[in-house]
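The annotation domain 'CAAX prenyl protease 2/Lysostaphin resistance protein A-like' is assigned in TrEMBL to 155-246. Marked as transmembrane segment by TrEMBL: 12-34, 66-87, 120-141, 153-171, 207-227, 234-255.
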Amino acid sequence: MTTVSQAPGRRGLLTETWLVLGVSLGASAIWSILRIIERLTREVALGQQTSALNSSVTPDRPWLDLAYQLVGVALGVIPAFLALHLLTTRPGPGAHGEPAAYRIVGFDLRKPVQDLLRGAGLATVIGVPGLGLYAAAKAIGLNTTVAAANLSGAWWTIPVLILAAAQNAVLEEVVMVAYLFGRWAQAGWTQWTVIVVSALIRGSYHLYQGFGGFVGNAVMGVIFGWIYTRTKRVMPLVVAHTLLDVVAFVGYALLKDHLSWL
């Protein structure tokens, strides 16, 4: 006896998206909102505070710290593959018979050179103004100082930071763009509603850094979202996001002792 699964309806699609967000970046957004409230109610001004990323867990035991970091990367990317699994096994209305979600959203290696070139160009377009926005927000007290890498100086520090950058990129671009854009479109949302809501959520889970982090990432979300609606490939976004985070993480680790403004 075979069971025919019905495509999820609009309510089911929206419920699914909120559940996926609830176990991933939506939860991060809620914690980040609480974090910025906590920061704003301190006696110390926001601009004098520091947000530490990629921190050591057991700096006195590098082997165990490496295990923590690798497990964090592996577990952190799971929601992205959950989203792709749902797109494949629950394709939604009118999507029967289409190829696996990986190909539909362009999360594959069919166009490596094109994806790399587009991603590198996009990283440049986003990265330079983004650095200026961060510096300006920090200067006027609307952003914390972001300490982007705080691992012990072990041999594995740089490789782990690169892995962390890739994990962030896959998680955010697959969930916030590839998955949500597909699901919300199936639920009947307009293109710009999808782009703006996704961008606002993206900005919200960076609020712990300050208001510069919120604005910068929300703008990045709008640009990435608009590009995805034109190309239907998420890989250039993953490449761009990875490059941005590699520069931020590895650059900070290498230069923090030489550049006082970092």
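Residue numbering: from 1, along the chain as shown.
The backbone N, Cα and C atoms fix where each Cβ goes, and this holds for glycine too.
Note that the structure is predicted; figures quoted are calculated from it, not measured.
Counting residue by residue with DSSP, the domain 'CAAX prenyl protease 2/Lysostaphin resistance protein A-like' (155-246) contains 80 helix, 1 strand, 11 coil. Contact check: the transmembrane segment (207-227) against the transmembrane segment (234-255) gives at least three Cβ pairs closer than 8 Å, residues 6 or more apart, which meets the contact criterion.
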